[in-house]
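Notes for the one structure printed next.
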Amino acid sequence: MSKPTVGINGFGRIGRLVLRAAVEKDSVNVVAVNDPFISIDYMVYLFQYDSTHGRFKGTVKHEGDYLIVANEGKSQHKIKVYNSKDPAEIQWGAAGADYVVESTGVFTTIEKANAHLKGGAKKVIISAPSADAPMFVVGVNHEKYDHANDHIISNASCTTNCLAPLAKVINDNFGIIEGLMTTVHAVTATQKTVDGPSGKLWRDGRGAGQNIIPASTGAAKAVGKVIPELNGKLTGMAFRVPTPDVSVVDLTARLEKPASLDDIKRVIKAAAEGPLKGVLAYTEDQVVSTDFVSDTHSSIFDAGASIILNPNFVKLISWYDNEFGYSNRVVDLISYIATKA
């Protein structure tokens, strides 16, 4: 079977890392990129040099209006570059892109993302939560994808991708009565380097490098969309902290069935080595956040940091590279839905 052909709209943090993940996984073929704000020579530079994940280990250059990306032992990607502001104008079909990753953060509804289908794309994967597109978390509910009807889908958020596999394992084994999630989250591009105006959410406009900033997140409630049994049982919030990448979820939950910490560790380790291998990982090491930069998992359970008050009340800790782990799942989701075509 030929590899799925992919277009990327928006060559920002996620767009570029989806391309890196695609090159490393070698499971999809990226054939087009669109970004109205980045010239092709600037794309080469931004892809090659990354302050967080380091220099790209392969080669990247441009020939005419094509990016040529290659890495030793991996397939070469010859990528047509577009600079359209209107997604309906991007010639995905002409470039041969069947699957479009919508990573601008702008076209996150079915109506807006539908513009990509007009340009010849067959499916759109939104790399953000969506108000109305069905959300899929690889390892949790990706098998509910319906090829006949799901043309525009969401890969949910990086935090939902971390929390959902953990919540699934705990709920399947012990049952979750209710839970609260906190994510201690690295800075992202929407934040300000110094204090500035920020619409209705005044705190979000404060300097990212000098503050711990309480923020809202829909990630916990979104778990109820991907695991219907948990609908209405989880909510959460975020603290934005001055680190460039890697975040950590703290899930505090009441369990239906009593469990020891060893019981919990055992079922998570079994899932990480079995059905959720590659998505969920398990560590007993004395780790800190930078140990997970460029980690490809959605969620890495920290056995040593997790605690219990009593057999029905637990606090579980799980790390995630909110950029690269998530980008790898975007590629995995495309690989999966392509098998249903």
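Any Cβ shown, glycine's included, is placed from N, Cα and C.
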Determine which of Thr188, Thr193, Thr283 appears in Swiss-Prot for the same D-glyceraldehyde 3-phosphate site as Ser157, Cys158, Thr159, Thr217, Gly218, Arg240.
Thr188
Further NAD(+) ligand in Swiss-Prot, beside Arg13, Ile14, Lys85, Asn322, within candidate set Asp35, Asp41, Asp291, Asp302:
Asp35
Fill in the CA-CA distance, Lys85 (NAD(+) binding site) to Thr217 (D-glyceraldehyde 3-phosphate binding site), as an integer in Å.
28
List only the single closest residue to Cys158 (D-glyceraldehyde 3-phosphate binding site), chosen from the recorded positions Asp35, His185, Asn322 by CA-CA distance.
Asn322
Same chain, 6+ residues apart, C-beta under 8 Å of the C-beta of His185 (site 'Activates thiol group during catalysis'), given in sequence order:
Thr159, Ala215, Thr217, Ala238, Phe239, Arg240, Val241, Ser247, Asn322
If the D-glyceraldehyde 3-phosphate site is taken as the center of the Cβ atoms of Ser157, Cys158, Thr159, Thr188, Thr217, Gly218, Arg240, which further residues of that chain fall within 8 Å of it by their Cβ?
Thr183, His185, Ala219, Ala238, Ser247, Asn322
When you rank Ser157, Thr188, Gly218 by Cα distance to Arg13 (NAD(+) binding site), which of the binding-site residues ends up on top as the closest?
Thr188
Integer Å distance between the CA atoms belonging to Gly218 (D-glyceraldehyde 3-phosphate binding site) and Asp35 (NAD(+) binding site):
27
